[in-house]
Amino acid sequence: MRHFLNPLDFTVGELDEVLDLADEIRQNPERYSQVCKGKKIATLFYEPSTRTRLSFEAAMLNLGGSVLGFATADSSSATKGESVSDTIRIVSCYADICAMRHPKEGAPLVASLKSSIPVINAGDGGHQHPTQTLTDLCTIRSLKGRLSDLTIGLCGDLKFGRTVHSLISALVRYPHIRFVLISPDALRIPSYIRDNTLIKNKIPFKEVQRLEDVMPELDILYMTRVQKERFFNEEDYIRMKDSYILDAEKMKLAREDMLVLHPLPRVNEISVEVDDDPRAAYFKQVQFGVYARMALIMTLLGLGGK
Amino acid sequence: MRHFLNPLDFTVGELDEVLDLADEIRQNPERYSQVCKGKKIATLFYEPSTRTRLSFEAAMLNLGGSVLGFATADSSSATKGESVSDTIRIVSCYADICAMRHPKEGAPLVASLKSSIPVINAGDGGHQHPTQTLTDLCTIRSLKGRLSDLTIGLCGDLKFGRTVHSLISALVRYPHIRFVLISPDALRIPSYIRDNTLIKNKIPFKEVQRLEDVMPELDILYMTRVQKERFFNEEDYIRMKDSYILDAEKMKLAREDMLVLHPLPRVNEISVEVDDDPRAAYFKQVQFGVYARMALIMTLLGLGGK
Amino acid sequence: MRHFLNPLDFTVGELDEVLDLADEIRQNPERYSQVCKGKKIATLFYEPSTRTRLSFEAAMLNLGGSVLGFATADSSSATKGESVSDTIRIVSCYADICAMRHPKEGAPLVASLKSSIPVINAGDGGHQHPTQTLTDLCTIRSLKGRLSDLTIGLCGDLKFGRTVHSLISALVRYPHIRFVLISPDALRIPSYIRDNTLIKNKIPFKEVQRLEDVMPELDILYMTRVQKERFFNEEDYIRMKDSYILDAEKMKLAREDMLVLHPLPRVNEISVEVDDDPRAAYFKQVQFGVYARMALIMTLLGLGGK
């Protein structure tokens, strides 16, 4: 039995198979509309994340399966002191697979150790959010046709943004990847990622503070939200939050075929005037996320083979 | 693509088709039990309304479709600052149709502008609640056999009660409708409805303060709840809330074939002793609400034609 | 139409039929995977109980039916002052059967009086939790092969633990049952149960304070959680909560074929080292709970006959 706790849990070859399946599903959704008939996914969301939860639920329903679970911890047994290990043993009696979101890092890993069903990490604290990374890879691969030979700009909060960290770790496994890291000084990429992931693997990268300066170089611009709750004080937040806003003016500097991605939700870091630009891929990304999760569910349930 | 944001979005002819379909569904539920197979409704409830939400969910399940969504705003991305426009674009990737309840007036309209799936307004603040109106029309038409030639008493909070306002706007489009408006002086129908909807359209109506005085005239008595939260102070609420209670005594004054409707939930404005009166139609109304929503979902998904 | 409000609502013979059906379902789940197609269960949880709610939902989904409802009272019409009697009349229009959890004792009974669909009591305050009892009976009967000739130890909070009270009432109807009641003095079984259920029915029992002393006698050890919220003060809780912890050491004193049951969630009253002991049956119990609920739903919907 396999779990999906970290994007690196799958080899590049295994990921390719998942992404191939996602692509096949996208082209022939009808063919897959009953493959999970009689199967159930449990969505165990110890903190709310509507978009991610609904993506999993849509994925399972699209496959003909059904859904049970909870959307916030207040309605879970956690409040009665039950451990994640006990909860997963119980849920193993109710469902065939589960997606767990938890504010504590490592909780899905702990669950997986006692689980008799596949566990998907749907986000654990500031740690991992591997199905977002799978979504990002699926989007880039489908729209660019490749996951290699790309210059990828990552913009915004690179210090706390777990989607950025996961995406870097996932992309360094592909050939000829180059990163442009765009952030205020206070929100630079953590040194353990710079040293252990980028430098160690001899991945070319540069760090800059102004988005305008690097727009023309990018194949992909991955924008991230400046999360208010990550800041130490209100002042810093207000001073910096507007520094990295993508608007139509900045888009003029970009290549014709550059793609803009964003893990969503966005607040104001991408101006709505960019939404109608054909290079804006962040809403398409949501659709790719459903296909990626469908492929992942099938794979973990052993239904992905040919 | 059509949305359903306001009862007046549909012409009388279009409404007739929806109500005909509702009637057909009521008589042959089995025939419609799979028409939405593979389709999903998203119930986006930014404020809780269990009755309305469950009615939509029952409707979709009765049609063989499935359901995803959220029941309160705390578990939605709204708390992270996402706009309704972004949410609907995302949900468009997850579902085939959506029902949105929102505390802000106009939110479903804003959503519909960016949506690629039909949006049903499931109540927006004090503004509209068009599926309640559709339910009311369906109930009256099914039990009375017509939507014309009726004297309709509207009783209770006529100032803030949006279901009353919507019902008036919907009924003035049918011939030979007469209204009796029964309320305390402080909760009279707003002047913009009196002037622009009733007087302008030459609809006969009268305003009275005592329910007893007009009971014998009515074909329909539409009771409404005195919502505590609409009052400016506790005193006013306590003084007035009991003024308009329907009981067995008052029912003696009514015609044999008068119908009592209520949008529910009721608190004490209809005494439980009235429940067993054959003229009490407020629980039947709930059942008609499911048929009306089934017909509406089918119609908006383009499955309503012959 | 039958409801299931109290384990004693069913005769021993009727319970036998439900438990036989549960057993048949366990052995041939595929055969039952569509029997509730087109049927809906409403899970009306006025207080959260994730484990119980998900068990009902899994049960209905396993039978091919579908689910709607609410997980907490905040999202229900109860907050608008609607009575349980009104809610059940409304829900009767939405679903074919319902499971109600309510903090007030007797609420499911009140609901059943106005309901036109079967009502299952999914726990009402400190009063009853009959599907837990059904689960317990199903587990004992399946793993022991009988519900008679058993010495049953009940350990922990015997004063407030409703699962213990219900289980005693259910088991005294079978021949040759003997109870060993293990609790601190302050949490002894209430006198109305001792006098009216045990003594009146001439059921042999003894009351002890130390678990170690009676381990060798037991066929079944039913552990219960020491619920912090039942204690009058923090001090008492801290002093007593660790007194009745089952660990590997105590398990050495037990028979080879003794079974450990627990209604879950557990906090620390069973040490995790016991989990891998083949006599630990509390996670199997969860699975039996799903089969028991499947059998119950079928029976109440009139689908249980041969």
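Placement of Cβ uses the backbone N, Cα and C atoms for every residue, glycine included.
Note that this is a predicted model, so its numbers are computed, not measured.
The annotation carbamoyl phosphate binding site is assigned in TrEMBL to C:R51, C:T52, C:R101, C:H129, C:Q132, C:L264, C:P265. Sequence-distant neighbours of C:L264 (carbamoyl phosphate binding site) (same chain, six or more apart, CB under 8 Å from its CB) are C:R51, C:Y282, C:Q285, C:V286, listed in sequence order.
Cβ neighbour count for C:R225 (L-aspartate binding site) (all protein chains, 10 Å cutoff from its Cβ): 24. C:R225 (L-aspartate binding site) carries neither a helix nor a strand DSSP state and counts as coil. Under the heading L-aspartate binding site, TrEMBL lists C:K80, C:R162, C:R225.
What TrEMBL lists as domain 'Aspartate/ornithine carbamoyltransferase carbamoyl-P binding' is C:2-141.
Sequence annotations record features per position, and here TrEMBL assigns domain 'Aspartate/ornithine carbamoyltransferase Asp/Orn-binding' to C:149-299.
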Counting only residues 6+ away in sequence within the same chain, which have a CB under 8 Å from the CB of C:R162 (L-aspartate binding site)? C:G123, C:G126, C:H127, C:Q128, C:H129
CA pair C:R225 (L-aspartate binding site) / C:P265 (carbamoyl phosphate binding site), Å rounded to integer, equals 8
Measure the Cβ-based neighbour count of C:Q132 (carbamoyl phosphate binding site), defined as the other Cβ atoms within 10 Å of its Cβ. 24
Listing the binding-site residues C:R51, C:R162, C:L264, C:P265, which lie under 8 Å (Cβ to Cβ) from chain A? C:R51, C:L264, C:P265
Under DSSP, is C:H129 (carbamoyl phosphate binding site) helix, strand or coil? coil
Going by DSSP assignments with H, G and I as helix and E and B as strand, what are the residue counts for the domain 'Aspartate/ornithine carbamoyltransferase carbamoyl-P binding' (C:2-141)? 71 helix, 25 strand, 44 coil
So around the carbamoyl phosphate site, C:R51, C:T52, C:R101, C:H129, C:Q132, C:L264, C:P265 aside, which residues have their CB within 8 A of the centroid of those CB atoms? C:S49, C:S55, C:G123, C:P263
Please list, in sequence order, the residues in the chain of C:T52 (carbamoyl phosphate binding site) that are at least six apart in sequence and whose C-beta is under 8 Å away from its C-beta. C:F45, C:A99, C:R101, C:A122, C:G123, C:H129, C:T131, C:Q132
For the carbamoyl phosphate site made of C:R51, C:T52, C:R101, C:H129, C:Q132, C:L264, C:P265, how many Å separate the two farthest Cα atoms? 17
Among C:R51, C:H129, the most crowded of the binding-site residues [Cβ within 10 Å]: C:H129
Chain-internal residues near C:P265 (carbamoyl phosphate binding site), provided their CB is under 8 angstroms and they sit 6+ positions away: C:R51, C:R225
